[in-house]
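*Asks:* This is the structure, below, for whatever I ask next.
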Amino acid sequence: MMRANDRLCNNKKLHLYVTMKQTVEFTACGFFKLGYPLVTSIIAAATTYLRLLDANTCFYIAKLTVTPSFLRTNSHRIMALTSISEDLRSKVKSSKILVVGAGGIGCELLKNLVLTGFEDIEVLDLDTIDVSNLNRQFLFQRKHVGRPKAEVAKESCLKFNPKAKITAHCANVMSKEYNMSYFEQFNVVLNALDNRVARAHVNRMCLSANVPLIESGTSGYAGQVELIYKGLTPCYECVGPQEQKTYPACTIRTTPTEHIHCTIWAKYLFNQLFGENPDNSDEEVFDVRADAKNEAGDKEQPKKTSPREWAQQTGYEAELLFNKLFNDDILYNLSMSDLWKKRKPPVPLLWNNNFDDSPSSDSPVGMNDQKVWTIAECKQQFADALKALKEASLELGEGESLVWDKDDEPAMNLVAAAANIRAHVYGIPMKSKFDIKAMAGNIIPAIATSNAVVAGMIVLFALKVLDSKMEECKTVYLRNSVGFRGAFIAPEKHFPTRNPKCFVCSSQQISLVTDMKKLTLKDLEKLVLKGQLSMIEPEVMMDEKVLISSEEGETDHLANKTLSEVGVLSGGQLKVEDFVQNYEIKMIVVDKQLNEDEGRFFITGDLDTMKSSTKEIEAEKSTSETNGAASAPSTSQPESDEDDVVMCTEDEPSTSGLSKRKSFEENPIPVKKRRTEAEDCVIIN
């Protein structure tokens, strides 16, 4: 590296301008060497060719560091231009920013914000640092493993600018204390999350609080950034559902919450034991004691034994491997107590534990793959598969290895058994071999370069929002290949059109089609309101009578009653509220006997035509099936696995003083009553 000629830097307001027609090579250490900048570098890429998002964007820098080759070939492209306005500079310094998530994108984003000049930042993240984070989350080091991400990110960013005020919260953004009044204090919220449910909550809170939200996500080499603002842009649910297909490595390794996490882990296990050239990141999935290295700081550590070496030394003994994976490693995870303060801890499992040997289900002949194995059956399949795969590996030539194939019986049995045992340990419902086989697909790695590019674009969006130029914040996509214009970064020309049938930002009304003699209020709350609509604390009322209450225990006596039993009529209207999200919809209930293919219920969202008759609703259902429409609320962002749900609400008067109600206890079906401030109310804003 060499420093640019002083005469290039003697102008204190030097800026860099790169046109869209020019290609710039960014070095691995980043393009800019920043002293006290107003705007940080957009991209920190490793020998990657990219184009800037906006050809008219200028970046104020105090010092410029470039490679000699760049100076020789590109010095004519450096020119002095007009600096950022004093007004915007003042807004940057005084604005209050919330960053939700301190992972791959979040680390890059926090660094960018501090170097850009933002001095009032809050960061919120529930997770602790995992060894597998260190290859792409550069605010963290090995000595930080086990500590809260938000706290360490704060400490690292303060080294860039000690004057900044950064508040760190190691908490769940869906907790009650982070309500609408909390979100209202921020000028803009920046999402850097990696799961759908949390995104849904943040998006709804921002829309309720009327705060601009900049959403982002990456999926391998692809990514995107978009602005979500009530009345200007579509909500996240205006587009059909997009199932999450990539998952954080630290979640897979330490805190799985879904069976897919266990399935991916089990595929890593196969590769570590029998596959070709297991890489270091895969190895970290199982080497939980690698975390202990940071206890000794930089002291020399004994050579690490890989999972394959360990298994070979033990002769692939099923009992020893079982106890290591499902007892010893789980006990180590439990020793990281911060992980389990707000999570259900796993329960270690030993080979000699008593298992239920009874069949798990009465499956028809020839349908064994579709039954769920018991733990005893999983244990036996695990041992048999290990034996078969060991014998197969011994028949290979030197340097050869096994390749996982879902159609290879021992390989598939090992993955299915290991995934189910791990799911059992973490309290996750087990699945059939058939279901696990369907889930075991490609795994997309997290790419540090993609995170850096997306984080830079988020800052550009934030600057435009603060400069009252939200109309310029069209959705921008980072592509994994060059487009027809020769660009990796491609902005939309216009804001997408809002979906008039979206139940979130349109009519605020949906229809629930179900067999009212079978669906209970408990099912309505768990499967429909919380499961499909992602509500936190739903309340359901019919004619001012409370059917489901957010007050614990208040309507428990009604939980097992069906909709018909509590007096709901076909075509009747229910009022559904979520005080945590400041969200309200009307639900039309239509009675219909559904077949197995239709499931227990389905939801439709174009409610203007559904109030009149059941026939119209059934007709729309038929149409939506023809078009392949989903029955669940939409979850957009087609190019990003880290995006999820946003809900828009109609403009409402201030709800200051609005509170949860307490029903009359003497009524079999409680009657709605608003609590006042004098009644120890819960204020939403």
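Glycine is no exception: its Cβ is also placed from the backbone N, Cα and C atoms.
Under the heading Zn(2+) binding site, TrEMBL lists Cys235, Cys238, Cys502, Cys505. Annotation source TrEMBL lists active site, glycyl thioester intermediate at Cys250. According to TrEMBL, the feature region 'Disordered' maps to 614-685. As annotated by TrEMBL, compositional bias 'Basic and acidic residues' applies to 614-623. Feature annotation from TrEMBL assigns compositional bias 'Acidic residues' to 639-653.
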*Asks:* Per 10 Å Cβ neighbour count, which of the recorded positions Cys235, Cys250 ranks highest?
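*Replies:* Ranked by Cβ atoms within 10 Å, first place goes to Cys235.
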*Asks:* How would DSSP class the residue listed as 'active site, glycyl thioester intermediate' in three states?
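*Replies:* DSSP call for the residue listed as 'active site, glycyl thioester intermediate': helix.
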*Asks:* Looking only at C-alpha atoms, tell me how far Cys250 (active site, glycyl thioester intermediate) is from Cys235 (Zn(2+) binding site), rounded to the nearest Å.
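*Replies:* Their Cα atoms are separated by 29 Å.
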